[in-house]
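Right, one structure below, let's go through it.
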Amino acid sequence: MDTTPMANGAPMLKVENLEGWYAESHVLHGVSFDVRPGEVVTLLGRNGAGKTTTLRAIMGILSKRQGSVQFGGRELIKLAPRDIARAGIAFCPEERGIFASLSVDENLMLPPQVKSGGLSREEILEMFPNLRERLSSQGTKLSGGEQQMLAIGRILRTGAKFLLLDEPTEGLAPVIVQQIGRTLVDLKARGFTIVLVEQNFRFAASVADRHFVVEQGRVIDMIPNEDINNNIEKLHAYLGV
Amino acid sequence: MFELLGISPQVLFGQLLLGLINGSFYALLSLGLAVIFGLLNIINFSHGAQYMMGAFVAWMLLTYTGINYWWALALVPIIVGAFGVGIERLMISKLYHLDHLYGLLLTFGLALIIQGVFRNEYGVSGLPYSIPAELSGGQNLGFMFLPNYRAWVIFASAIVCFCTWFAIERTRLGAYLRAATENPTLVGAFGINVPRMITLTYGFGVALAAFAGVLAAPIYSVNPNMGADLIIVVFAVVVIGGMGSILGAILTGFGLGIVEGLTRVFYPEASAVVIFVIMAIVLLFKPAGLFGRAAS
């Protein structure tokens, strides 16, 4: 049924019955989905559906979680965030997490290399030329779009080929959103595998292979991107647009 | 020789020197507190006791093993810093999930215990530690007499403060530290071992206090209360400079030492309280401190 060219083979990430809590409130109620090597998948859903929480649970940032997160056949659910990062998963948070007390260059060079084969500093600056002129500025003095580029750029150096991107287009001007879209297509061509949380469904459709619909802490549907036009009504109902 | 408001230059410069010496200790100690507070978010109330331990360990090394001052300057921060690492691993690290108040209470309790143990063992009269032969004597500068050892204290403190500032603000390791101070969760999610960084940072802050203790040993008598007396002023310095600001801690430390010295010249009655008066004024107008960033 699936005709995505790079989609054969075992999944790179396999999430099964993932549950998660913020303090006492139960947010994830058994999230299951899988990501194949080289794919771009999105988690779509309304605000509060549990998309961001799913990324945080995969990354181990959520202190209370259970279920199974297998990455390259290895179980991650018991690992600390730093060991999950070292396994080769890189995370770009929704709030971007640019450090105010670090310069742009220091922000870029902060994440340590966990694998060989990451992009060089030069390649990243070619991908995001805006950053080059601002290297010595304070990280948080950048515009929102530049901060987003910095947040994505700095995790490309680490050698992790599996990226979790939480709403990279949120609050950005259309021209910047397009630039980020081109970047994601470029990254896919370079062999990166990407899980994207998105509210902007049009943007999601322009970059992704498959879409998982998240509702009330569960994945309730999967829509291959090529079928998306046949499922517009259904998606609108899911997303409430 | 000139006179200023009827004050002889010998008195003026003498007090300025004394102020700079005190400022050297304020700077070293408030720097350690600032580094620890930045990353651990606890106010290390045992800082004074750890400074006192520095002086005592230097005295013990000399008295029991014959290890001299210069070796003590290098060894004592490592020994007392390692003690700090043990404290962090065994006790402080168990409290991070609780309110910061618990860390404060724990370190305050530890300070009382450490001081009590030393008081029990060595009494409160103070033990002598002589100035190393290389630094005895002094220079006649014409307008004042400058004892070599005091010049050394100011020099050593300034160098250590500068190196610490440089390491934190200008190096890769310092970038990790600054980033983890802002957002430890994200830094951990990049694959950096934040708990180990916290432990080493505490150890480093304690080592700075111990280094100050060794510097102080030949000037002040080595006694169990030496830290408790000093640390109250140092806390005021930290409040004035702004919690967690590295440069602020250093500049405020030296600056307030000088202010205190000048007060002793022009209005001696106020010299013991001037720092606290400044603290009150700063808190009124800049509650985050002169160099502090307001909590967001």
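Glycine too: its Cβ is placed from the backbone N, Cα and C atoms.
All annotation found in TrEMBL is predicted automatically rather than curated by experts.
A quick note: this is a predicted structure, and the numbers were derived from the prediction, not measured.
Now, the feature entries from TrEMBL:
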TRANSMEM  B:12-35  transmembrane segment
TRANSMEM  B:42-62  transmembrane segment
TRANSMEM  B:68-87  transmembrane segment
TRANSMEM  B:99-118  transmembrane segment
TRANSMEM  B:149-168  transmembrane segment
TRANSMEM  B:200-220  transmembrane segment
TRANSMEM  B:232-259  transmembrane segment
TRANSMEM  B:266-285  transmembrane segment
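The transmembrane segment (B:149-168) is not in contact with the transmembrane segment (B:266-285), judged by fewer than 3 CB-CB distances under 8 Å for residue pairs 6 or more apart in sequence.
Away from its own ends, the transmembrane segment (B:68-87) comes close to residues 46, 50, 53-54, 57-58, 61-62, 110, 132, 156, 199-200, 202-211, 213-215, 217-218 of its chain (Cβ-Cβ under 8 Å, at least six residues beyond either end). Within the chain, the transmembrane segment (B:12-35) has long-range Cβ neighbours (under 8 A, six or more residues past its boundaries) at 4, 43-44, 47-48, 51, 143-144, 146, 150, 153-154, 156-158, 160-161, 164, 168, 201, 204-209, 211-212, 215-216, 219, 230-231, 233-235, 237-238, 241, 243-246, 248-250, 252-262, 264-265. Only residues 6 or more beyond the boundaries of the transmembrane segment (B:266-285), in the same chain, are considered here, and those with a CB under 8 A from a CB of the stretch are 5, 7, 233, 236-237, 239-240, 256, 259-260.
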